[in-house]
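Chemist: Please see the structure below; I have some questions.
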Amino acid sequence: MPPSISAFQAAYIGIEVLIALVSVPGNVLVIWAVKVNQALRDATFCFIVSLAVADVAVGALVIPLAILINIGPQTYFHTCLMVACPVLILTQSSILALLAIAVDRYLRVKIPLRYKMVVTPRRAAVAIAGCWILSFVVGLTPMFGWNNLSAVERAWAANSSVGEPVIKCEFEKVISMEYMVYFNFFVWVLPPLLLMVLIYLEVFYLIRKQLNKKVSASSGDPQKYYGKELKIAKSLALILFLFALSWLPLHILNCITLFCPSCHKPSILTYIAIFLTHGNSAMNPIVYAFRIQKFRVTFLKIWNDHFRCQPTPPIDEDLPEERPDD
């Protein structure tokens, strides 16, 4: 008999479905925009596509699996473990994509004359592939043994049961909090976030320094070149800020669970933290639309061409840049 769903669970499922309905189309639109606009084909936007792919997967895969876990079906231990791991993979992929974007923006302002020789399409593709491979390794680590199987097996044996344990599928029941805090958070989430903050601080320092000195750049117009870089850097730093704001609360709750097992965590705080993590996948397309003109123009063209059936002229790849202080 399938488990009954409470009114609270129904509300939770409704909010999760709403997030998915915003996240999936929004991030598909980001990928589509990069495909149709040649001006969005540099390394930064390739990394943004990688980030968008992860966000599409959050809406199409992770949220349905989260709803399944919330209902709490009875499953084998390793089946539940497989359901819990995708969110770990995709979170890590997002972090590494954000780090790659930060490094790319740093190189653009640090070595503008040699940037295109250093950051080639081939190297960008290798970096993206490397990020995804590393994400799978980090996210699937619980499948290789760092999980709660031993504790579950002891409880299973205490009930004189045999075979693989059958449990109510819940994230904390299968994923070790030691893994989540010591390995996932302290190694693969917090250090990259701190490194990205330092990188963006250096990027802003270099841009301001160049704008003040008016040193010539590859474009021949330093005010325009570094003004454009400042505008894009602000937008991408906002993406990083929203990611940290969305994910740190859940990791802080995990730390409380590990270091203070007797501390009471109101369930509403856990649900809010989960909504923030999933909702982050829907935020980025909105930021791109409001903050990056090339995306905004391309989104409008896709809308007019394919949904309003009112074809517009080809996109001008040399769009005038918005003021850096916008």
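Think of each number as a place in line: the chain as shown, counted from 1.
Positions of Cβ are set from backbone N, Cα and C atoms, glycine also.
Below, the features straight out of TrEMBL:
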type	residues	note
TRANSMEM	12-33	transmembrane segment
DOMAIN	26-288	domain 'G-protein coupled receptors family 1 profile'
TRANSMEM	45-69	transmembrane segment
TRANSMEM	75-103	transmembrane segment
TRANSMEM	124-146	transmembrane segment
TRANSMEM	185-207	transmembrane segment
TRANSMEM	236-259	transmembrane segment
TRANSMEM	271-290	transmembrane segment
Chemist: What same-chain residues lie close to the transmembrane segment (236-259): Cβ under 8 Å, and 6 or more beyond its ends?
Modeler: 44, 91, 94-95, 98, 101-102, 105, 172, 177-178, 180-181, 184-185, 189-190, 193, 196-197, 200, 204, 265, 269-270, 272-274, 276-277, 279-280, 283-284, 287, 291
Chemist: Report, as numbers and ranges, which residues of the same chain sit near the transmembrane segment (185-207): CB under 8 Å and 6 or more residues beyond its ends.
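Modeler: Residues 91-92, 95-96, 98-99, 102-103, 105-106, 109-110, 138, 226, 229-230, 233, 236-237, 240, 243-244, 247, 251, 254-255.
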Chemist: Which residues, given as numbers and ranges, are at least 6 beyond the ends of the transmembrane segment (12-33) yet have a Cβ under 8 Å from it?
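Modeler: Result: 5, 40, 48-49, 52-53, 55-56, 58-60, 63-64, 66-67, 70, 271, 275, 278-279, 281-282, 284-286, 288, 295, 298-299, 302.
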Chemist: Limited to the domain 'G-protein coupled receptors family 1 profile' (26-288), I'd like the whole-number average of pLDDT.
Modeler: 92
